[in-house]
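Peer 1: Sharing a structure here in structure tokens format.
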Amino acid sequence: MNGGQRPFRNLVCSRSMASKTPVGFVGLGNMGNPMAKNLMKHGYPLIIYDVFPDACKEFQDAGEQVVSSPEDVAEKADRIITVLPTSINAIEAYSGANGILKKVKKGSLLIDSSTIDPAVSKELAKEAEKMGAVFMDAPVSGGVGAARSGNLTFMVGGVEDEFAAAQQLLGCMGSNVVYCGAVGTGQAAKICNNMLLAISMIGTAEAMNLGIRLGLDPKLLTKILNMSSGRCWSSDAYNPVPGVMDGVPSANNYQGGFGTTLMAKDLGLAQDSATSTKSPILLGSQAHQIYRMMCAKGYSQKDFSSVFQFLREEETF
């Protein structure tokens, strides 16, 4: 979204709180939690569900309504946002025994901000359409920091006529809300972005490790990279080397952020999509293997930037 569109977002988000009807929210993990809080800040009452009841406690304490299933959310809200880890979780939340589509109201707007297989998004959209509801895929980019600050980027796929309605909600959680095309194209954009992110993070980690072993100070090397042609988001905003930057997972033993397991999952989606479209992704495939190895060697719960630590410890490559 360009700067000229920003006033629309501000106008929408500053409307009278009294005029705002409840929004359903399913999935309160690392991303969903701060996203839901930003909707609250903009005056939206929430109908909350998470498979882990403890994740709902702070919302319940703040006066938000907590229910016992996605089905119950659909019964009480006609605009629902889901933020879930995998395709399987999304299918269960929408089509499961207690899923959203069991009780969804006609005319409901269903926005899925999970990162899942584009084919699953398309199938869920067909099922929603049969129930008279509208499903849009709207995966996010920007990480936990952007989720907290309300500066996420949303990549939206679905019926274009419904985009404005989705933008009204998403604009309160993100600074960029981009319409990508038909259902599934939001997921396609996200998969491409995360494949590139994984490749650039591995490249940054390799360059930093090599430079350190050649005797360069990591802060100096980072400064040089970020004023040179090697600069990228992984080097200047999310540096993987402990002690180089504050406020990033590498400064906190790689806790928080975007987990290695999730990156491996997203790279698997990229691999599947590359196979189905006969697209060569030589570096993407290698990145997938590296993150799978990391999951098998104890890094699954660490942030994906821990690939730096993995490379430091693995000297057999």
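Cβ coordinates come from backbone N, Cα and C, glycine included.
When I checked TrEMBL for this same protein, it listed these features:
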type     : residues                            : note
BINDING  : 21-49, 84-85, Asn89, Thr115, Lys265 : NAD(+) binding site
DOMAIN   : 23-181                              : domain '6-phosphogluconate dehydrogenase NADP-binding'
DOMAIN   : 184-310                             : domain '3-hydroxyisobutyrate dehydrogenase-like NAD-binding'
ACT_SITE : Lys190                              : active site
Peer 1: Just the number: how many Å between the Cα atoms of Val26 (NAD(+) binding site) and the residue listed as 'active site'?
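Peer 2: Computed Cα spacing between Val26 (NAD(+) binding site) and the residue listed as 'active site' is 20 Å.
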Peer 1: For Thr21 (NAD(+) binding site), which residues of its chain lie six or more apart in sequence with Cβ-Cβ distance below 8 Å?
Peer 2: Pro45, Ala77, Asp78, Arg79
Peer 1: Do me a favour and check the Cα-Cα span between Leu46 (NAD(+) binding site) and the residue listed as 'active site'; whole Å is fine.
Peer 2: 26
Peer 1: Just to verify: the residue among Ala36, Leu46 with the fewest other Cβ atoms within 10 Å, which of the binding-site residues is it?
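Peer 2: So among Ala36, Leu46, the binding-site residues given, the one with the fewest Cβ atoms within 10 Å is Leu46.
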Peer 1: Cα-Cα, whole number of Å: Pro85 (NAD(+) binding site) versus Lys190 (active site)?
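Peer 2: Cα-Cα distance, Pro85 (NAD(+) binding site) to Lys190 (active site): 14 Å.
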Peer 1: Based on DSSP, tally up the residues of the domain '3-hydroxyisobutyrate dehydrogenase-like NAD-binding' (184-310) by helix, strand and coil.
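Peer 2: When I sort the residues of the domain '3-hydroxyisobutyrate dehydrogenase-like NAD-binding' (184-310) into the three classes, I find 86 helix, 2 strand, 39 coil.
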Peer 1: Around the residue listed as 'active site', which residues of its chain at least 6 apart sit with Cβ under 8 Å of its Cβ?
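Peer 2: Thr115, Pro139, Val140, Ser141, Met155, Asp266 - these are the non-local Cβ neighbours of the residue listed as 'active site', listed in sequence order.
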Peer 1: Using a 10 Å radius around each Cβ and all protein chains in view, which of these binding-site residues has the most neighbours: Met31, Lys41?
Peer 2: Met31
Peer 1: Name the residue among the binding-site residues Val26, Pro85 whose Cβ has the smallest number of other Cβ atoms within 10 Å.
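Peer 2: Output over binding-site residues Val26, Pro85: least Cβ neighbours within 10 Å is Pro85.
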